[in-house]
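Colleague: According to TrEMBL, the protein carries these features:
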DOMAIN    33-102  domain 'DnaK suppressor protein DksA N-terminal'
DOMAIN    106-138  domain 'Zinc finger DksA/TraR C4-type'
BINDING   Cys110, Cys113, Cys131, Cys134  Zn(2+) binding site
ZN_FING   110-134  zinc finger
Amino acid sequence: MPTKAKATTGQLIRGFEPYKETKGEEYMSEAMRAHFTSILNKWKLELMQEVDRTVHHMQDEAANFPDPADRASQEEEFSLELRARDRERKLIKKIDETLQLIEDEDYGWCDSCGVEIGIRRLEARPTATLCIDCKTLAEIKEKQVGS
Ligand SMILES: [Zn+2]
């Protein structure tokens, strides 16, 4: 029997093995939900460590520039960092919402049309709430509104 092709898609999140479905396994079985819970928890931890590092970095450096000009450029740098951290915090919130979905056994189906989002897509984007078709459509609409 030929072995399945290995999934070699680029992964956002480090350190997890792509899920191997057993034959006839039900979509979003308990094992699958556990798989995504673990991915999301790891991801969240990485983000939280990232946020922590920045805060400490800024606390350490804040006192080091008595010169106002230095301080100004430093503040600019900080505000860029803070914006990045803000995105991370939003992502953490999104991850928490996703973990709740898993707990409610509501995870993995498209919010818009109800089809299975699919394991490989969810591994690449664990917080996805739309199937690839609906997502593509939503992005097209967004672009039209934005232009
Ligand atoms: Zn859909």
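Cβ coordinates come from backbone N, Cα and C, glycine included.
Curation does not apply to TrEMBL; its annotations are automatic.
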Colleague: Give me the long-range Cβ neighbours of Cys134 (Zn(2+) binding site): same chain, 6+ apart, Cβ under 8 Å, in sequence order.
Modeller: Cys110, Asp111, Ser112, Cys113
Colleague: Let me know the model's mean pLDDT on the zinc finger (110-134).
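Modeller: Here the mean pLDDT over the zinc finger (110-134) amounts to 96.
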Colleague: Just checking, which of Cys110, Cys113, Cys131 (binding-site residues) has the fewest C-beta atoms within 10 Å of its C-beta?
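Modeller: Counting other Cβ atoms within 10 Å of each of the binding-site residues Cys110, Cys113, Cys131 gives the minimum at Cys113.
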Colleague: Which are the residues of the chain, Cys110, Cys113, Cys131, Cys134 excluded, whose CB is within 8 A of where the CB atoms of the Zn(2+) site average out, their centroid?
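Modeller: Surrounding the site, in chain order, are Asp111, Ser112, Gly114, Val115, Ile117, Leu130, Ile132, Asp133, Lys135.
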Colleague: Under DSSP, the domain 'DnaK suppressor protein DksA N-terminal' (33-102) has how many residues in helix, strand and coil?
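Modeller: Within the domain 'DnaK suppressor protein DksA N-terminal' (33-102) the tally stands at 65 helix, 0 strand, 5 coil.
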